[in-house]
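Trainee: Pulled the feature table from TrEMBL, pasting it below:
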type	residues	note
SIGNAL	1-18	signal peptide
DOMAIN	28-118	domain 'Ig-like'
DOMAIN	122-209	domain 'Ig-like'
DOMAIN	224-309	domain 'Ig-like'
DOMAIN	313-393	domain 'Ig-like'
DOMAIN	398-486	domain 'Ig-like'
DOMAIN	488-576	domain 'Ig-like'
DOMAIN	588-685	domain 'Fibronectin type-III'
REGION	669-699	region 'Disordered'
DOMAIN	689-786	domain 'Fibronectin type-III'
DOMAIN	790-885	domain 'Fibronectin type-III'
DOMAIN	889-980	domain 'Fibronectin type-III'
Amino acid sequence: MMLPWKQIVLLSITGCLACTEDVIFQGPRWRTEPSDLILPINSPDHQATITCEAEGSPPPQYWSLNGTLIDLGNDYRRHMSGGSLIISNLDKDQDTGVYQCTAFNTWGSILSRRASLQFALDNFKTQTVRSAVNVREGQGVVLLCGPPPHSGLTFAWIFNEYPYFVQQDSRRFISQETGSLYFAKVEPSDVGNYTCVVNNTVTKEKILSSPTPLVLRVMGEYEPKIEVHFPDSVPAAKESVVKLECFALGPVPEISWRRTSGVPFPSKVKTKNSNAILEIPNFQQEDAGTYECMAENRRGKNAARGRISFHKPHWLQTMTDTALSIEESLFWECKANGKPKPSYSWTKNGEQGRVQIENGALSIAALNLSDSGMYQCVAENKHGIIYSSAQLMVLSPPSFSKSPLRALLKARSGSEVTLECKPQASPPAISLWKKGNEILQRTEITLLPNGTLKIANVTKRDAASYTCIAKNQFGTASTTGKLLITDPTRITMRPTNMEIIVGESIVLPCQIACDPALDVSFSWAFNGQLIDFQRDSDHFERVGGSISGDLMIRNIQLNHGGKYVCVIDTDVESLSTSAILVVKPPGPPDKVAVEEITDSTAQLSWTPGRDNGSPITGYIIQARTPFTVGWQAVDTPEVVNGNMLTATVVGLNAWVEYEFRVVARNTVGLGEPSPPSAKTRTEDAPDTAPTDVGGGGGTKSELVITWEPVSEELQNGEGFGYIIAFRPVGTVTWTRAVISTPGVARYVFRNDTIPPFSPFDVKVGAYNNRGEGPFSSIATVYSAEEPSVAPKRVRARSVSAAKIEVIWEALPAIPERVLGYEQVVYWEDDTKPDTVGKVRISGNSTQVNITGLKANTVYYLSVAAFNTAGPGPQSAPINNTTKKPPDRAPLNIQWTMIGSTLTLHWDPVVAMETESKVTGYLVLLKRHRYNDINTILTNKTTAELSLSANDNYLIQIKAVSEGGEGVGSEPIHIHKLMGARGSGSSRLSPLCRSAVLISALLSSVWCL
């Protein structure tokens, strides 16, 4: 039996069946679904875009990878743009997989087809070593390429050398499936080396195999043997492009194609590469069947067959958008073809729903509103998966039975109020609002697309009854609620931060002023935890009336220190206020005094401070000196407990000014420190010896002694200084010296009787007005070691205009060490030996080149040895002259002139022994009536000049060396009129041709 209200709804709907013709299906629809994508691992922009676009609003909202939802909010590499997924900073391990896009709106959601993202083959290699292939003339042969199987590859072959590529014809074929090169019949012209070229269409890279030699032998003919043929079964997808390859070996065969059913090929079918490839674009159901390739030559024929069929699923029947009434039944059926036969599943809004599936068909009995949504039929076999979508709309009048307005809604004045209108209705209802009996206009309110009403900054005038009215083709419904506006709540008395003492009791105030229509509650939190007044009644109690939430804390303990928060909750808002209570540690001790002090100890006394309700458990002694950073704890022989008011401090440094202070502590913590004591200084003779005693070096007849000074805090008193003691190694008596300056760290003893580089025992001690301190340990220090002998057999040789080589004999064994040699250079006047420069050489080298000198200049030179004491005596000066520039001009100058180009030739200049080597030539060019001179530098004995058509010229040539320019050639005077040809020599009579006069002025005057 049908309930009365259902009869009314059905009658209403039945009476408006014509209305269903006006139903608009607005569920999401795919405009573009994602497609498979292959990318290079090192993509230039390191970014991939998987396209997905849906009709309806909003666009696709989320993606999944390998069935797992991608969290775009926390994934910095992936983001959406208009529904498409953009992946940045590609990662092969993380991004490879199957992607699926989901689109949804208020009507439901649908899944896209799946798309794979793969990365192209990278850094693959073909076979490295290839053996020669022997084949008889007339025989067919296959040359293997050998790359790993992967999509995105194309193939070509090079014959002998690049760029000679193998051209495909009826005799030669390159399979784009395997990359292999096929010869139907080998001819003598085919002999050579073949290289396979693998093109990666994604990465744009090319890989070349090593060459495969093809060697020919003689043989007879035979019938064709089909070497390349398509599989017996070829899966195909609807609207795809199907390509079949067929090629035979043997005397060049003719290849033909046919369907075994006898049905002729439609015009869209094409053949390529001398019929070796059959291409079927836009594959349809009628193209399925068995195809035969026939290869025939004069020796016979052969055939290969294969069946092309729809292996991937494709739709034969799909469902359409449907609108039905409540309690009607739904039956949807979809059919797909494929091999093997596809299996079916159904989803509602991307998930399994309240459906019954039988033989792939979906049925729902007695529809209700929750059955509305987007449904998808999914057909799948091992070759692929396809989706078909349709929207189900269950029609019903509006109803507020599950989402009525609250009967009374309170709101604080000045806040924003939201009234939701959420009727159940299909198709969705149109909403309008009434305030009292008046219909609200959009100019007065904010009405959201889903029917929600928003009132910003409400006032008392907004208090009223509000009614939402919903209507669609099948009926009308309404819901009403009252809005009450209250005054804001104010906190009139707040708790404040306090310092408390153990055992005290306090009250923390928390009082408010509020609207009488509001219900108010108070709660307190301590250090983030709500206070349980029943459990903690020994210490905590709520006091006050309905508008007061004061907190009393009785008999405060150490653990009651912390943050207290008062929380005020009303019908319309929540407020809070807080305070921090600090339980006091002990107060500072007082009257710290130094009763007695020695070189390393001090006896202290003090008076106690307040314990603030918690007994003092101990004291800490701290000290400060001019040499420490702030206050630091000092040692006492025993622990100073809370009952002690004196202590002995140990481990002090002598002759240091100290201040002391005392800090008390209890179970709460450390208290404030006492005021410091008066400054007191310890005293004693030095107890620390200088460190790092050493020395050495200096000049002749010197003993140099060094040490690390004693820091001021270790000097232990006034009148500080050093005692230096030394003696030759092996002797008994010490020689002593006293230095009264504390900061000095070096002493030099001079005596002409000190032998060079002689060892001494050395020690350094310290003293002050209180007495002498300890000496350092004994160190061995050597006296100065200045060389006493000059080098002998000093020789010099001019190497070039700027370089002299100096050679000498090494010094024989001497007591002093020799660390190297020092070369001194003088000007040519040896009566005034002003030093030009020094060259120092470390080690045992006995030769040096002195560079950067002037050409054709006399230099005086001497050599001295050196060590840590400096240079020794110099050798007797010697002199040497640097080489000069060549003093001969280039000879046998010849020229040839064609048009405006003048070509010069001359004999090379050979340098003499005393001259520097010729490094090039300088050609000087001057135009008549002009003062500027153009120069051309060349390292050849020829030059080419471009001359103006209307000027006379003077030309001269000079040799150039490291020492400068040589003597210039005899000037050449060239008269040049308008275009002609001519030639001449500086040693010949003038030669005139046409309108050009070329003459050599043998006069030695160079008028440049």
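Here the Cβ of each residue, glycine as well, is placed from N, Cα and C on the backbone.
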Trainee: Please compute the mean pLDDT of the model over the domain 'Ig-like' (122-209).
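Mentor: Averaged over the domain 'Ig-like' (122-209), the predicted model reaches a pLDDT of 81.
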Trainee: Under 8 Å for C-beta pairs, could you tell me which stretch among 224-309, 313-393, 398-486, 889-980 has the largest tally with the domain 'Ig-like' (28-118)?
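Mentor: Out of the listed stretches, 313-393 contacts the domain 'Ig-like' (28-118) most.
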Trainee: Please list, for the domain 'Ig-like' (313-393), how many residues fall into helix, strand and coil according to DSSP.
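Mentor: Split by secondary structure, the domain 'Ig-like' (313-393) comes out as 3 helix, 47 strand, 31 coil.
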Trainee: May I have the DSSP-based helix, strand and coil counts for the residues of the domain 'Fibronectin type-III' (588-685)?
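Mentor: Residue counts for the domain 'Fibronectin type-III' (588-685) by secondary structure: 0 helix, 45 strand, 53 coil.
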Trainee: Treating G and I as helix alongside H, and B as strand alongside E, what does DSSP give for the domain 'Fibronectin type-III' (689-786) in helix, strand and coil?
Mentor: 3 helix, 49 strand, 46 coil
Trainee: Looking only at the domain 'Ig-like' (28-118), how are its residues distributed among DSSP helix, strand and coil?
Mentor: 7 helix, 46 strand, 38 coil
Trainee: Per DSSP, what is the helix/strand/coil residue tally across the domain 'Fibronectin type-III' (889-980)?
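Mentor: Helix (H, G, I), strand (E, B), coil: 0 helix, 51 strand, 41 coil.
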Trainee: Could you give me the DSSP helix, strand and coil counts for the domain 'Ig-like' (398-486)?
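Mentor: Tallying H, G and I as helix, E and B as strand, the rest coil: 3 helix, 47 strand, 39 coil.
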